[in-house]
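Attaching a single structure in structure tokens format; questions to follow.
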Amino acid sequence: MALRRLAALLSLAVLLSAGLAAVSATSQNTGDTVIIWGRNKDEGSLREACDAGRYTTVIISFLSAFGYIPGTYKLDISGHQVSAVGPDIKYCQSKGKLILLAIGGQGGEYSLPSSQAAVDLHDHLWYSYLGGRRNGVYRPFGDANVNGIDFFIDQGAREHYNELAKMLYDHNKDYRATVGVMVTATTRCGYPDHRLDEALATGLFHRIHVKMFSDGRCPAWSRRQSFEKWAKTYPQSRVLIGVVASPDVDKDAYMPPEALNNLLQFINKQPNFGGVMVWDRFYDKKTGFTAHL
């Protein structure tokens, strides 16, 4: 058992190292390009997203139900065949892509009402999607491990997500010279995001994706100031700007590629600027948005 676990850890370390190398090779202006996948069956497979050649990270979305009923979890990937995702994860990782799983989302049924609920969710994530193995535990993606967890908490209370972040991050002590479990967050652009501020205060998040959409507190004229506030508040995290790939997602928040490229010339001067997160693969496939960054 110990040898198998060591082999699994070494394998994941190699994959993640390749992903980090891919990140370093991205455009100096754009940085990392992260795409949300799993919101529309017509977006194509995860493998197709990785073969598009425009993304360094794909976030599978969402684990949309947890916490309300102990032991009850729901993975919602909009009708995609779950059994096909595992092989696609391994294929994407072999191409140097990072694959994250987002928890939460819009319209799900989730919360962490207690410390025990945080422990239970940690165990579910570790044994069902990450590097843990336990007899009798169903793994939706088979023997494929995602590279980390994104906290996409869009409803409910703030309590206990800080505890979950600490438990997930603590696994990194088992990995040498690399990050074994990435811990990231997708926040609203208005500072602070009260649902995630306690979790972010741990200082353990590798990345923060700041959504410049679905939040009336961030009109177009304030985007630069909002991003810089987040970047300066969390200097230990790589901070990415979150945008939509089409006005059909959020007409008021949509920035054409030329407008985003202009903004990037200023915000990429932040020392912890990380790149761009785009909602989502379906709309990016239709519009070719990221091809112009």
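Using the three backbone atoms N, Cα and C, a Cβ is placed for every residue, glycine included.
Straight out of Swiss-Prot:
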SIGNAL    1-21  signal peptide
DOMAIN    31-293  domain 'GH18'
DISULFID  C50-C92  disulfide bond
DISULFID  C189-C218  disulfide bond
So if I measure Cβ to Cβ from C189 (disulfide bond) and keep only same-chain residues at least 6 apart in sequence, which ones fall under 8 Å?
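Set apart from C189 (disulfide bond) by at least 6 residues yet with Cβ under 8 Å, we have V210, K211, M212, F213, D215, R217, C218, R223, S226, F227, W230, G242.
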Below 8 Å Cβ to Cβ and six or more residues apart, same chain only. Which residues does that give for C92 (disulfide bond)?
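C92 (disulfide bond) has long-range Cβ partners L46, R47, A49, C50, V58, I99.
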Just to confirm my parser: what is the rounded mean pLDDT across the domain 'GH18' (31-293)?
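Summing pLDDT over the domain 'GH18' (31-293) and dividing by its length gives 97.
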Secondary structure at C218 (disulfide bond) (DSSP, helix/strand/coil)?
coil
Would you count the other CB atoms within 10 A of the CB of C50 (disulfide bond), including those on all shown protein chains?
24
